[in-house]
Amino acid sequence: MAVGLSFLGITALCLPFLLTGADVPGWLLLAGRWIPAAAGLTALILVPVGGAWAQWWRLRPGGWRGVLKSYGWAVGVMAVVLILPALLTALFTPVSLVPWPMVVSAATLILGGGLVFVLSTVGEEAFWRGHMQTALRSLGFWRSSLLIGVIWMLWHFPLHAVYWAQGSMPVPLLLASTVSLLAWAPLLAALADRGGSVWAAAFAHAVPVSAVQLVQGGAEQTVVLVTVSGLSMACMLSLAWLLRRRSARPVSDAKQPSSAGG
């Protein structure tokens, strides 16, 4: 139920812009990120299950120390995810990194972006890495996180279609941005497990920059885009594996509600 409501919500939000060609307002993405949480809460109300909604959504970080730990993990992981693929692309292909002032600007976004936009991304993470990861925990980490990644990828289609129709997201970038969610999902799930709540995933998700933006012509040249995106996905999956090995509270082992809510 929750997944269906989430798809209905994002489609209803995006369809008017897709049909009319109206300019996409800045709030569209910010508001859209809260649709999954609203859908999950609706499902929990309509189909009562064991456990409080905060437990289903894994929102309890364990006090301020838990929040700071989650933020630290998010910053460290995102620094690797953004910088390593860009550096490898610059080292082994003819392209180069963007000017250093832009790299420094990206570094500030890694540090500050998560703090600014986390109030938006926590709406998504509470559902995908909280509600859904909890509901599918019996599948194990990799199967559940990859299945959620597929659903999450499909959920983004209406929003990406609007950006494509209005010319702000060319087809190669649309495909790269959409397919990369398959690797994003296990990494964010591993971060949530490592931090014991969804907050590390929410902080990481909130960083408003990608490795493609650190390489000159990354978004315009298809070969460069594919190279950076492929390296980024490999990096994400590798980090997810490493985090999973060191995770103190994997969702499959942690005390969780006893039944699914949608």
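Cβ atoms here come from the backbone N, Cα and C positions, even for glycine.
Annotations in TrEMBL come from automatic prediction, not curation.
According to TrEMBL, the domain 'CAAX prenyl protease 2/Lysostaphin resistance protein A-like' annotation covers 109-207. Feature annotation from TrEMBL assigns transmembrane segment to 37-59, 71-92, 98-119, 140-159, 171-191, 198-216, 222-243.
When the stretches 71-92, 98-119, 140-159, 171-191, 198-216 are ranked by Cβ pairs under 8 Å to the transmembrane segment (222-243), first place goes to 171-191. Same-chain neighbours of the transmembrane segment (171-191): 70, 73-74, 77, 81, 125, 128-129, 133, 141-142, 144-146, 148-150, 152-153, 156-157, 160, 163-164, 200-201, 204-205, 212, 219, 222, 225-226, 229, 232-234, 236-237, 239-241, 243-244, 247, 251, counting only residues six or more beyond its ends whose CB sits under 8 Å from a CB of the stretch. If you look at the transmembrane segment (98-119), the same-chain residues 6 or more away from its ends with a CB under 8 A from one of its CBs are 30, 71, 74-75, 78-79, 82, 199, 202-204, 206-209, 213-216. DSSP states for the domain 'CAAX prenyl protease 2/Lysostaphin resistance protein A-like' (109-207), grouped as helix (H, G, I), strand (E, B) and coil, give 86 helix, 0 strand, 13 coil.
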